[in-house]
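All remarks here apply to the structure that follows.
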Amino acid sequence: MLVLVVNCGSSSIKYQVREVTPEGSEPSPYTSSMPAINENIPLATATAGMAGDQVITKGLIENIGTSEIQDHTQALEILARRLDEELGGRTIDAAGHRVVHGGERFSAPVLVNNEIIRAIERLAPLAPLHNPAHALGLRAIQKTYPGMPQVCVFDTAFHRTMPEKAWRYAIPEQWYEMDGMRRYGFHGTSHDYVTGKACEFLGIPREQFNTVVAHLGNGASVTAIREGRSYDTSMGYTPLAGLVMGTRSGDLDPSVVTAMLERKPGMSAQDMNRILNNESGLQGICGDSDMRAVEQRADSGDERAQLALDMAAYRLAKYIGGYHVAVGGAQALIFTAGIGENSPGFRALVCDQLGALGVRLDASRNEHPEGNVARISFPDSAVEVLVVATDEERAIAEATAALVWERVKN
């Protein structure tokens, strides 16, 4: 089965076409008559028995709305022509979409119909920069590929298993009831995917696996995984909460926001949102948001860069310690995503602070991890330390194929 994986932004479409084959079965072309939608199949269950590691083609369409490409429909038409040429007449069987916010409704991947698209649009206040664009992409594919099944995979869905004590904020009840103010969590597809890969590597049944996953990119989050499910996570109502990130502040005393708004009469809520999301984090501390550049500066003796690294590592180490308690003793610590997979220096800076947990990092293995899943701790480390390559597009492709294939079989 050929699956088009799309990530629609407000002015861009990032895409991959992947070959996904249900084990023991031949791929099947899609049908335009799909049975009922199921919103309760977990991603880990949906993708069982799927192999989606072959990328046929990938690319990016940019400047939608600010160039000759007027809207997402036109962008998808251009993409369809491009894919016709690149695929040599092969047919796209289904499309899988990354959707940032599924709110409280969506706890698993879903097959798309018009009501699902409207539900995603209604969640726009929770992700105003993302969900409207996702809906545009869904409708554009409906027009470009009539009848082709589409599946949405939600960044927030994996975290729907958190207990209420973890996702509730200690704020007035009506703020939650009326305005949806609660912890949602993000990067769920990645956290879910690497947890599964770690289980396979360690030979531990998922329902018996307790771990802490650190997804470290320019945006970063850490998740407590208890019995294979999300139990707590650092991001909150928005992706601003939690760790020190490239340009995001992470956790902050709310009084800082109110005090600055009072002291700066001309500052708006929009200004504050921009500053905390785009001008803070590593950028705010040392003037650079790129971890590689910050590490290079620190190595050359730059004190501000070293402070930025120390703050980011300390914040993460504190979360890991707390989540070790939350899961009842982590069997593994997993590093993933751009920084997590590619920065041995930052991994060491974090793990050096975890001696109280019995973590013992093997410096040689940490410098040169091998394979998509690598153990970088000593054999006598009380907590296994792993580097696991994430692949959110593969997870989306496999979830898409699983739902479509199940409906075709039934």
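Cβ coordinates are placed from backbone N, Cα and C, and glycine is handled just like the others.
For E392 (Mg(2+) binding site), the number of other Cβ atoms no farther than 10 Å from its own Cβ, over all displayed protein chains, is 21. What Swiss-Prot records for N7, E392 is Mg(2+) binding site, and it gives sequence analysis as the kind of evidence.
What Swiss-Prot lists as ATP binding site is K14, H215, L216, G217, N218, G219, D290, M291, R292, G338, I339, G340, E341, N342, and the listing cites sequence analysis. The Cβ of E341 (ATP binding site) lies under 8 Å from the Cβ of F335, P369, V387, V388, A389, T390, each on the same chain and at least six residues away in sequence.
Secondary structure at R98 (substrate binding site), as computed by DSSP, is strand. Among the features that Swiss-Prot reports, substrate binding site is placed at R98, with the record citing sequence analysis.
Sequence-distant neighbours of D155 (active site, proton donor/acceptor): residues of the same chain at least 6 apart with a C-beta under 8 Å from its C-beta are R98, V99, V100, H101, G102, F186, H187, G188, T189. The annotation active site, proton donor/acceptor is assigned in Swiss-Prot to D155 on the grounds of sequence analysis.
In the three-state DSSP assignment, the secondary structure recorded for H187 (site 'Transition state stabilizer') is coil. Taken from Swiss-Prot, the feature site 'Transition state stabilizer' covers H187 (among others), and the record attributes it to sequence analysis.
Taken residue by residue with DSSP, R248 (site 'Transition state stabilizer') is part of neither helix nor strand, so it is coil. The site 'Transition state stabilizer' feature in Swiss-Prot is assigned to R248 (among others); the stated evidence is sequence analysis.
Across the recorded positions listed here (K14, R98, H187, R292), the residue whose Cβ sits among the most other Cβ atoms within 10 Å is H187. Compared over the binding-site residues N7, N218, the count of CB atoms lying within 10 A of a residue's CB peaks at N7.
If you compare Cα positions, N218 (ATP binding site) sits closest to R248 out of the recorded positions N7, R248, E392.
Taking a C-beta cut-off of under 8 Å and a sequence gap of six or more, I339 (ATP binding site) has these contacts in its own chain: L216, G217, A220, M291, F346. In terms of C-alpha distance, the listed recorded positions K14, R248, D290, R292 place K14 closest to N7 (Mg(2+) binding site). Cα of E392 (Mg(2+) binding site) to Cα of K14 (ATP binding site): a distance of 13 Å. A gap of 23 Å separates the Cα atoms of K14 (ATP binding site) and R248 (site 'Transition state stabilizer').
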